[in-house]
Amino acid sequence: MNSLTNIEDLNCDNQHIPNGFRRWIFSTNHKDIGIMYIIFAIFAGVVGGLFSLLFRLELAMPGGTFLNHNFQLYNVLITVHAIIMVFFMIMPALFSGFGNYFVPLLIGAPDMAFPRLNNISFWLLIPAFLLLISSTFIDGGPGTGWTLYPPLSNLNGHTGAAVDVAIFSLHLTGLSSILGSINLIVTIFNMRTPGMGLFKMPLFVWSILVTAFLIILAMPVLSGAITMLLTDRNFGTTFFKPDGGGDPLLFQHLFWFFGHPEVYIVILPGFGIVSQVISTFSRKPIFGYQGMVGAMVIIGFVGFIVWAHHMFTVGLSYNALIYFTAGTMIIAVPTGIKIFSWIATMWGGSITFPTPMLFAIGFIILFTIGGVTGIILSNSALDRVLHDTYYVVAHFHYTMSLGALFTAFAGFYYWFGKISGKQYPEILGKIHFWITFIGVNLTFFPQHFLGLAGMPRRIPDYPEAFAGWNMVSSIGAGISIFAAFYFVFIVFYTLKYGKNCTANPWGDGADTLEWKLNSPPPFHTFETPPHIVE
């Protein structure tokens, strides 16, 4: 456990806080920018969730009952839903939001290394989001799926400008992520307070550091692929057109070389949050700290060399199938290290169960289910049957929708008092957890059965044999959307009626630097660097 000298310098009153819109529009303060990221992520999450409710209403019953057989609109809904949730909800919340706000606090830095770069990193997201939403109203919208596979995304499949606008949106959000990653890496390496070595950093900071490297390595590959697609569509190149000597499979390789690390870009900050939460509410240091760091690094590395498990059905060679099957299964080893280390941390601990701990334990259970179905899908022979069925939809939602989302809620409830100065009512938080837990499981668990029965994804109609589980899934989606609006209600209720939050509402289990500061922290923190002593 770390202790501090010169604590009296941490909460200074000489703040010089800017007023009005200038504080937010022109902000270079890492805490304000982190808050803007989190607010943006909540808004985008509600919008993306409403998109999903629309196509779940279509899927509630067979026969084109809601969208009136407008299959292009259905494809646009699933495309925009996925892009919003990945690029505008989970990443801005976990990596950019909590990362911006808490990394400097956790390492004792006065701010981020490049404050103005931090500002533009956020404001790039706004035009990116507007471009994506506007693309849905252009020439029928981008009905390609979030993967943008040619030839469907080429001029053969989409003659209008919708796909081009969506590509520009992805360019901007990718640039935002890369700039933010550079900022966080420089901050973590150069601005740690005296006495805080790399292996004294909290695991959340480690998770952000590994994620930032993944973004810098993966995002340019996506940018290159969609730029090549853009030139195919507009400038006569044939990168992905067989009639000009190109190959649409090249796009799949490029996309998934980004796309699989993206899965870990989404979940690794969540791993860090869960480590903080479980350690705090078990009143114990995390079990196997160095092993947890090593597991994150290995997950990040191996995540780059197994991309083609998304492509088992495209005609890969036998040797490639063997390699990608084995490599994918190997990822379960470092992930298992993390799961068992969290359980070992709780073992023998003095555990309490406030809302953040409930979401963290819920994450472990649901992410483990998603991991087990991932091992099943890693088998290339089984994947021949299950590829592009609802079994895959269930798998990746158990890791992302029920995994990363639960870590975001855990982090939000854990740190909301610190950010706002108001502590949420515990009973409301626990009700939110149980509504969400029931809703998302009702939504996605039946999809395993649908996938095993052979129901294909991305198809808006289906035989009546699948109607029962689809209705259950759609009811679950409605409950989940209700939970999202209930969460927004909790936020506003807490801001208006919540009790003032103390510097450390969680007790002696919360021993990281941010809990030494007032709630909310001063506008400028650590103007005199704290010194960490063991």
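Cβ atoms here come from the backbone N, Cα and C positions, even for glycine.
Annotation source Swiss-Prot lists Fe(II)-heme a binding site at His81, His397, citing a curator's inference. Note on His81 (Fe(II)-heme a binding site): other Cβ atoms within 10 Å of its Cβ, all shown chains, come to 20.
Annotated Cu cation binding site per Swiss-Prot: His260, Tyr264, His309, His310, in sequence order, evidence recorded as a curator's inference. Secondary structure from DSSP puts His309 (Cu cation binding site) in a helix.
Here Swiss-Prot flags His395 as heme a3 binding site. In the three-state DSSP assignment, the secondary structure recorded for His395 (heme a3 binding site) is helix. Within the same chain, residues at least 6 positions away in sequence whose Cβ sits under 8 Å from that of His395 (heme a3 binding site) are Gly370, Thr373, Gly374, Leu377.
The feature transmembrane segment is assigned by Swiss-Prot to 76-96 (among others).
The transmembrane segment annotation in Swiss-Prot covers 97-117 (among others) and is backed by sequence analysis.
According to Swiss-Prot, the feature transmembrane segment maps to 120-140 (among others), an assignment based on sequence analysis. Nonlocal intrachain contacts for the transmembrane segment (120-140), taken as residues 6+ away from its ends with a CB within less than 8 angstroms of a stretch CB, comprise 33, 36-37, 40, 44, 47, 72-73, 76, 80, 83-84, 87-88, 92, 96, 158-163, 165-166, 168-173, 175-177, 179-180, 183.
Taken from Swiss-Prot, the feature transmembrane segment covers 165-185 (among others).
Residues or ranges marked as transmembrane segment by Swiss-Prot: 202-222 (among others).
Residues or ranges marked as transmembrane segment in Swiss-Prot (evidence: sequence analysis): 254-274 (among others). Residues 86, 90-91, 94-95, 98-99, 147-149, 202-208, 210-211, 214-215, 217-219, 221-222, 224-225, 228, 296, 299-300, 303-304, 306-311, 338, 342, 360, 363-364, 367, 396, 399-400, 403-404, 406-408, 410-411, 414 of the same chain, all 6+ positions outside the transmembrane segment (254-274), place their C-beta atoms under 8 angstroms from a C-beta of that stretch.
The list of residues near the transmembrane segment (286-306) in space but at least 6 beyond its ends in sequence, with Cβ under 8 angstroms from a Cβ of it, reads 199, 203, 206-207, 210-211, 213-214, 217-218, 257, 260-261, 263-264, 268, 271-272, 275, 278-279, 324, 327-328, 330-331, 333-335, 337-338, 341-342, 344-345, 347. The feature transmembrane segment is assigned by Swiss-Prot to 286-306 (among others), with sequence analysis given as support.
Tertiary proximity for the transmembrane segment (320-340) is limited to same-chain residues at least six positions away from its ends with a CB under 8 Å from its CB atoms, namely 271, 288, 291-292, 294-296, 298-299, 302-303, 305-306, 308-309, 312, 364, 367-368, 371, 374-375, 378-380. As annotated by Swiss-Prot, transmembrane segment applies to 320-340 (among others).
According to Swiss-Prot, the feature transmembrane segment maps to 357-377 (among others).
The feature transmembrane segment is assigned by Swiss-Prot to 396-416 (among others), with sequence analysis given as support.
Marked as transmembrane segment by Swiss-Prot on the basis of sequence analysis: 433-453 (among others).
Among the features that Swiss-Prot reports, transmembrane segment is placed at 475-495 (among others).
Cβ atoms within 8 Å of the centroid of the Cβ atoms of His260, Tyr264, His309, His310 (the Cu cation site) belong to the same-chain residues Trp256, Gly259, Pro261, Val263, Gly303, Val306, Trp307, Thr328, site residues excluded.
Spatially, the transmembrane segment (396-416) is not adjacent to the transmembrane segment (165-185); fewer than three Cβ-Cβ distances between them are under 8 Å for residues at least 6 apart in sequence. Cβ neighbour count for Tyr264 (Cu cation binding site): 23 (other Cβ atoms within 10 Å of its Cβ, all protein chains included).
A Cα-Cα distance of 14 Å separates His397 (Fe(II)-heme a binding site) from His260 (Cu cation binding site). Sequence-distant contacts of the transmembrane segment (433-453), counting only residues of its own chain at least 6 positions beyond either end whose CB sits under 8 Å from a CB of the stretch, comprise 56, 355, 358-359, 362, 366, 373, 386, 389-394, 397-398, 401-402, 405-406, 409, 465-466, 469-470, 472-483, 486-487.
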